[in-house]
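Quick notes on the structure that follows.
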Amino acid sequence: MIVWQALFVVYCLFTTSIHGLFQDFNPFANKNISLKFPSLNRWEKNVMATGQQTIINSDSIYEWTPILSNITAGKKDSFVFTIDAEASGYGFAPTYEVLMFISGNICQMPMNRSDVDLTIYYSFNETVLENPNIGQSAVFQDGYIQALAISPVQSSSSNATSTYSNLYVVAELVNSTTEQPLSSSDASENWEYRLSISENDLVFQWDVRPWVEVLDTDMNSALLSTGNVTADAKVYHNYSIYDPSLYDLYVYSYEDSVQLNQNYNLSLCAVKNGPYLVSSQNTSNATVTSNSTNPLERTDLAIQKKITEYGGSVTEMFYVTGLNASTTYVAYLTKKISNGDGLSSVGGILFSHVYFTTRSTDVCSLIFGLDFCSDVAYSVPTSSFSVGNKTLMAQTYDHIAEALYANFSKALQLISCDADKDARYSPVMTCDDCAEAYRDWVCAVSIPRCTTTSSQYYIHRDKSHNRNDYLNKFIKPLDDYYEILPCIDMCYTLVRNCPSDFQFSCPNDLTTEDLLYQSYNFYMDTDYSTCNYIGNSSLMVIHPLDDT
């Protein structure tokens, strides 16, 4: 998106019109464009006397209020968009061209109709309303459409006006092979769609990235996290404000998602109005605050969300509860966009979906939100002392790690952390860096990550023979499990960040191979976790796959 915006600025400086170029090229294909400027332009429904026109709304419809229409075979929807050159792009566009962003979604359509396309025709020539073929066209694909219409600007000493006054748009169902309009004899099937035109942004957008990661699951819950949302914050001097309503998550059953992906894979409207099981948009008390009941105790079908620091960045987490065991679900992430005056309730961005599967037993329990080990957000061996009480279980694990950290904290106080740089143990690292590295490491080795899946990268743990005696005594796992070993990178970070006085060292695959692979593993670029990492994930090194 940044590359496109930069190219657009350069382009505007060296050309006076790209209207002709756009006849055969749509530069917005597979792009997520975001040019957020306010405008007061409006749609006007074109009411014609011919019998084939459909009046959707006889009133004016303003920008950022997409058309919602139902269309059948043999009908045409037609619109007129009034162009306002002075209001476009905060004064940049009037010097060159006025851009009109066309975008839309199919919300609902008949099943198995790959032989029919919903096509949009647009032109500055009014005769397109009678003869759509004279205009440019764009077809809804996977439930989504985006196109760009460009009007040159005529400048004078007093003002700048668009060469054209109106953009005319026609929507029609056509045969996908012949591209001919369908006859009214097929009018029994209904298509519902939304369409928007803006001089400042694509109201409907999609992003090829998932932008949400499945952190882990247990038998009846799942934890997902967005990417870094720091750029979405409102910054005020020395603090930032994050809006938890910016992102929402919709969870579908696998079966319903198959149908959704066949026809509406890129349709925000279809996802938000489809047969989803649960959504953070519709869950009561979805936003978790400091005064909220502990989210780990919620068991009904719901999604709770919270802005949090995780893995060295700020993300929004979604905790999904009330799920069935051994079941595959599909999650769709959406994002609101700005209309210039704040977040808009219409339109937005749809990201690529992700899959997750719950576990078959309660051998592992998903915990997060710990006080000391705040970056722990994964499944751990279920404690036989607190079955059904994740809050108590999380506190027990947290207290074990904090107790192990206490002696190290006292030893670190003996280091001259506040001395001049030339007298410190490192001119680059500080005692705070060392303390953080040790905390992450001790949390990872004392709070094992649990899975029920066998892998060459995982270690099988007997319920009575765990990584350390603290787990045997204070946790007593419910059953045998597989441990996802800590990433060796955390040990490397510990050695690098702490004073040599501690004589920390890490096992290696040359002299202590057995010790290495019994205690740690490497991070591999696979579709599942080969090791467990806590802390700033940007410090991780991706190692080549081990084919052995």
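Cβ atoms here come from the backbone N, Cα and C positions, even for glycine.
Swiss-Prot lists 1-20 with the feature signal peptide, giving sequence analysis as the kind of evidence.
Annotation comment: Swiss-Prot describes 21-341 as topological domain 'Extracellular', evidence class sequence analysis.
Feature annotation from Swiss-Prot assigns N-linked glycosylation site to Asn32 (among others); the stated evidence is sequence analysis.
According to Swiss-Prot, the feature N-linked glycosylation site maps to Asn70 (among others). Within its own chain, Asn70 (N-linked glycosylation site) has Asn190, Trp191, Glu192 as residues 6 or more apart in sequence whose C-beta sits under 8 angstroms from its own.
Annotation comment: Swiss-Prot describes Asn112 (among others) as N-linked glycosylation site, evidence class sequence analysis. DSSP gives Asn112 (N-linked glycosylation site) a coil state; it is part of no helix or strand.
Residues or ranges marked as N-linked glycosylation site by Swiss-Prot on the basis of sequence analysis: Asn125 (among others). Asn125 (N-linked glycosylation site) carries neither a helix nor a strand DSSP state and counts as coil. Counting only same-chain residues six or more apart in sequence, the Cβ atoms lying under 8 angstroms from the Cβ of Asn125 (N-linked glycosylation site) belong to Ile134, Gly135, Tyr168.
Residues annotated as N-linked glycosylation site in Swiss-Prot: Asn159 (among others).
Summarising the annotation, Swiss-Prot assigns N-linked glycosylation site to Asn175 (among others) and lists sequence analysis as the type of evidence. Within 10 Å of the Cβ of Asn175 (N-linked glycosylation site) there are 15 other Cβ atoms, across all protein chains.
According to Swiss-Prot, the feature N-linked glycosylation site maps to Asn228 (among others), an assignment based on sequence analysis. DSSP assigns Asn228 (N-linked glycosylation site) to coil in the three-state reduction, outside any helix or strand. Counted within 10 Å of its Cβ, the other Cβ atoms near Asn228 (N-linked glycosylation site) come to 15, all protein chains included.
Annotation comment: Swiss-Prot describes Asn238 (among others) as N-linked glycosylation site.
If you look up Swiss-Prot, you'll see Asn265 (among others) marked as N-linked glycosylation site. Under DSSP, Asn265 (N-linked glycosylation site) is assigned to coil, being neither helix nor strand in the three-state scheme.
Summarising the annotation, Swiss-Prot assigns N-linked glycosylation site to Asn285 (among others) and lists sequence analysis as the type of evidence.
What Swiss-Prot lists as N-linked glycosylation site is Asn291 (among others), and the listing cites sequence analysis.
According to Swiss-Prot, the feature N-linked glycosylation site maps to Asn324 (among others). Taken residue by residue with DSSP, Asn324 (N-linked glycosylation site) is part of neither helix nor strand, so it is coil. Listed in sequence order, the residues of the same chain lying 6 or more apart from Asn324 (N-linked glycosylation site) and placing their CB within less than 8 Å of its CB are Asn220, Thr358.
Per Swiss-Prot, transmembrane segment is recorded for 342-358, and the stated evidence type is sequence analysis. Same-chain neighbours of the transmembrane segment (342-358): 32, 64-66, 103, 196, 202-214, 217-222, 224, 243, 245-246, 254, 257, 261, 266-268, 271, 323-336, counting only residues six or more beyond its ends whose CB sits under 8 Å from a CB of the stretch.
The topological domain 'Cytoplasmic' (359-548) scores a mean pLDDT of 92 in the predicted structure. Among the features that Swiss-Prot reports, topological domain 'Cytoplasmic' is placed at 359-548.
Fewest other C-beta atoms within 10 Å: among the glycosylation sites Asn112, Asn265, that description fits Asn112.
Candidate glycosylation sites: Asn112, Asn228, Asn265. Nearest to Asn175 (N-linked glycosylation site) by Cα distance: Asn112.
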